[in-house]
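> Before I ask anything, let me first share the structure, which is written out below as structure tokens.
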Amino acid sequence: MEVFLLLPVVFALSFGVYTAHSTPESHADVHIVYLGHNNGLSPSLTSESHLQLLSRVFTKPDEAREAILYNYNCGFSGFAALLNSTQASTLSETEGVISVFRSRILELHTTRSWDFMGLNLHTQMEQSSEMHLKFGADVIVGVLDTGVWPESESFRDDPHYGPIPSSWRGTCVKGDDSSFDPATACNRKLIGARFYLAGIEAELGPLDTTGGAEYRSPRDRVGHGTHTASTAGGGVARNASYFGLGRGVARGGAPRARLAVYKVCWYRDLTGRCSDADILAAFDEALCDGVHVVSASLGSPPPLMPLFATSTEIGAFHAMQRGVVTVFSAGNDGPDASVVQNVSPWGITVAASTIDRRFPTAITLGNNASIVGESFLADGMKEKQLVESSSVFVDGTCTFDQLISRTAATGKLVLCFATSGPVSSEGAAVAVYAGNGDGVIFADTISRKSSQDNFLPTVHVDLHQGTQILYYIRASRNATVRISPSKTVVGKTPAPAVAYFSSRGPSSITPHILKPDVTAPGVNILAAWPPKSSPTAIPLDKRSTDWNFDSGTSMSCPHVSGIAAIIKSVHPTWSPAAVKSALMTTAYMYDDTSDVMLAGGTLKAADAFDVGAGHVDPLRALDPGLLYDAGPRDHVLFLCALGYTAAQIRQLVLPDTSSLDTTCPPGGDPHSSGDLNYPAIVLPDLSAPVTVRRTVTNVGRGGGAVYRAAVASPQGAHVEVWPRELAFNPYHGGGDTASYYVTVAPAKASRGRFDFGEIVWSDGFHRVRTPLVVRVTNLPDDAGATSGAAAYSQAAY
């Protein structure tokens, strides 16, 4: 009875009878019904209210109870259930329901990197002394991924960690089989482990666990989760290498942080698949377990769903309100524009870039000519016959369906070109293996060439090198080749450069919000790996390793998660928006030769849609000088701009005080979403002068400071900043705020071209950089183009 009486308050439901009852022949899919925050109700009370709501579209209460897969009842309110389309539609029209959406299947975005960024265990920089005492101590990083291999050296116990933080409320679960023993798996490093599979099994059927194909427990079958967890917060492991390559000390970015693993992705189709329903369940429990940072290297490519019809964005929104930083991968669909994923302003979205480590591999042809490619060959290859692909494949395309015969490549190395049809190095390796070949030389464009390992020996060269090898083969009656063992070379390659696969902006649903936010190392990252999983995840690959190289924004995401953990350990009171601001305003755009970073997949310099604000700088992020913070009212105005009503916003935003204003400005403002207090300014449709406001908080040491602005205007736009000087009182000890206004006026005719500039505030020590992105869509009259007058301003707050 108590729950029934609370329902009008929680959901504002009418108590009429719904007609959308389930019928035996109706097809049910997994849907998520999202209801906002839980109004402070207990989990049990929240779950009962979910059942009351769901019962309206079922004939019997027992049917409703059986339909529920998850109750989201702690971090926020909602549930996942098996519903037919009519039931889902009826619930979506119910007052008090924010959204109802089909649960989708998301995909994964699959040591030296820390030293490359200056985060060295032995660094003696005065400015980082406080950080080196902490290195993420007692910050809890929750990793939503494929689980963990707890026996890895990255997760071993260490008495120096001290007791598990008293704020931790999570647990380490056994699972449905004997593959994971909490008594031995969890310790003071790996303090929690859970798994979620109700959603994935409801959508794709029961897991195949025969012969260790998967584990119904937190144990990692894929390898991806072990890799990302050890990258974010793994302990120090010496003498780590991939079959002797990259040998050195492996560690996470925050080696003294604690790890909690939430297995939401499962081995399907040779990769990890993740259900929205399971992801949201993990977010719900992680927030109540007490994590400080959530790391999620997963997503779904465009078309993107609305922010509150996406599990990751809902989870990140409630994490933000609880002070938890959420870090996402940007996706691996580059270099095309506007394919970036995970685009909400309350999450940190990370692109991928290279580090200064290569694995040169000498190729010696039968005529003694030598070409240097890249590979991961520990032992090299003795002299082999070398053939071009047309002698093995019908049309010269290195794909399985074009194979001439199962013996066409016997004992041979095959030269394959990425440009000869749609073929990847992995696909070429499988196809050559199917023809009984011994290896592949794979030629790709200089903007896309990689050094990814395959189960069959593969050496990567560029098109020019590949063409020279092709000419040699055609000029020789019996072409041969020798491959020397690969070497590890550090510091000889300009870095960072944007990885060609890294997904680019602008955001396809929130164009006023810059995405990605930053970039971080994501190419050939060495981290822990389950020895029961092959390094390529291909069943034909029978190798075993404790450490593996992997590439993707999946790898760059945990780098930033580790840095966020360090920032939280040094500045525990900073909000997620403040942490993001520190990362963005201190990021840099140049490689280690002082040239602008190269945008991989192209031959152009990187811009804000490639890298966001730039490459993360962990040391500078600890002392950024100024911060762009965002409170509840900021997010209210952003939600207003997205079209949510005041009533819906009250369900979404946890009020920090009872007096929080959840009303929207009258009339609506098309630029208000761009006026969120974000560490970047994006104006994607500039047809008249626009003014936006930004507010900064002084967090520099000593408190007092005077910052002066320097402006680089985007081409074809006039930019004015007022005031040009911000003074902070030295007697307040920091924490003072100041606002400034940026007026941008169009000065050219442009159709669809984005131009890039920046605003930099400096006090002589700190450099606080804010990217400025403009697309002019109309040429105004001379007065409008040159005055930038406040009379034309369209910003309201």
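Yeah, the Cβs are placed from backbone N, Cα and C, and that goes for glycine too.
Below, the features straight out of TrEMBL:
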SIGNAL    1-22  signal peptide
DOMAIN    30-109  domain 'Inhibitor I9'
DOMAIN    136-591  domain 'Peptidase S8/S53'
ACT_SITE  Asp145  active site, charge relay system
ACT_SITE  His224  active site, charge relay system
ACT_SITE  Ser554  active site, charge relay system
DOMAIN    675-774  domain 'Subtilisin-like protease fibronectin type-III'
> Residues with Cβ closer than 8 Å to the Cβ of Asp145 (active site, charge relay system), same chain and 6+ apart in sequence?
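Leu108, Asp220, His224, Gly225, Thr228, Ala229, Val261, Tyr262, Lys263, Val264, Cys265, Gly272, Ser295, Ala296, Ser297, Leu298 - these are the non-local Cβ neighbours of Asp145 (active site, charge relay system), listed in sequence order.
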> Near the Cβ of His224 (active site, charge relay system), how many other Cβ atoms are there if near means within 10 Å?
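For His224 (active site, charge relay system), the count of other Cβ atoms within 10 Å is 30.
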> So how many other Cβ atoms are close to Ser554 (active site, charge relay system), meaning within 10 Å of its Cβ?
31
> As a quick check of your reading of DSSP, tell me how many residues in the domain 'Subtilisin-like protease fibronectin type-III' (675-774) are helical, how many are strand and how many are coil.
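In the domain 'Subtilisin-like protease fibronectin type-III' (675-774), the DSSP-based counts are 4 helix, 60 strand, 36 coil.
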> What are the DSSP helix, strand and coil residue counts for the domain 'Inhibitor I9' (30-109)?
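Residue counts for the domain 'Inhibitor I9' (30-109) by secondary structure: 30 helix, 27 strand, 23 coil.
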